[in-house]
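Engineer: This is the structure I want to talk about, given as structure tokens.
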Amino acid sequence: MNWSVFEGLLSGVNKYSTAFGRIWLSLVFVFRVLVYLVTAERVWGDDQKDFDCNTRQPGCTNVCYDEFFPVSHVRLWALQLILVTCPSLLVVMHVAYRKAREKKYQEKVGEGYLYPNPGKKRGGLWWTYVFSLSFKATIDIIFLYLFHAFYPRYTLPSMVKCHSEPCPNTVDCFIAKPSEKNIFIVFMVVTAVICILLNLVELIYLVIKRCSECAQLRRPPTAHAKNDPNWTNSPSKEKDFLSCDLIFLGSDAHPPLLPDRPRAHVKKTIL
């Protein structure tokens, strides 16, 4: 694995995320990915080999193991972490696409801009970020449901009873290291729940923030602001122009170009 490329992707995701997104990223890669890589494969390494049943009937142990462990925890967690982390890369790819368009526009036109800030979450990038948050939360919820369906209450007993064929009768089967596995399972479930909450909080934060910005744009300026000669080239007015890439457009629409030298107010003199 090329760690320099991996580090570049992480820095890009961290750069274009909110504070909640940075906390989520740290939680996923420190408490989920690294813990999984360091611990999970060792704990579940020889799980089927250590699954012992008190019978000598050929095939009975394999059938009982398949009945109580239809899908390995390690493989489910691997698939879950891959699906959870991939949507964050969509945001980085979208920003890279914006920068490429901006570069081509500058080479062709030479003045003006397509995006005042390619990394700012407006227009299509806002929708991409919201989609990534919704997708990550949905994936974690689905996998928590799958774990609960396969392993009720998310825990493993120390002994299970099996009476499937070709077992001659009901046999007792013993799971290796159940206490250690239960501690690890609870840890992974708790971290997944925290990640879901962070995604939902960040999603609510983005929606509320964007709605408040849109409400400010639609609010008519006060009479004092209209009569102010410096209102045209004021920072607040420029902010209004730059914020016109509303989320309701659903695409990366071009914001209006600002003139290099705004015209000053000219008062008509009544003769």
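Placed from the backbone N, Cα and C atoms, the Cβ positions cover glycine too.
Under the heading domain 'Connexin N-terminal', TrEMBL lists 42-75. Look at TrEMBL and you will find 139-206 tagged as domain 'Connexin cysteine-rich'. Positions annotated as transmembrane segment by TrEMBL: 20-39, 77-97, 126-151, 183-208.
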Engineer: Where among 77-97, 126-151, 183-208 do we find the most Cβ pairs under 8 Å to the transmembrane segment (20-39)?
Structural biologist: 183-208
Engineer: What same-chain residues lie close to the domain 'Connexin N-terminal' (42-75): Cβ under 8 Å, and 6 or more beyond its ends?
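Structural biologist: Non-local partners: 146-147, 150, 160, 162, 164-168, 171-177, 180-181, 184-185.
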Engineer: Could you give me the DSSP helix, strand and coil counts for the domain 'Connexin cysteine-rich' (139-206)?
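Structural biologist: Counting residues per DSSP class in the domain 'Connexin cysteine-rich' (139-206), I get 44 helix, 8 strand, 16 coil.
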Engineer: Roughly where does the domain 'Connexin N-terminal' (42-75) sit in mean pLDDT, to the nearest integer?
Structural biologist: 85
Engineer: Tell me the residue counts in helix, strand and coil for the domain 'Connexin N-terminal' (42-75), as DSSP assigns them.
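Structural biologist: Its residues divide into 18 helix, 2 strand, 14 coil.
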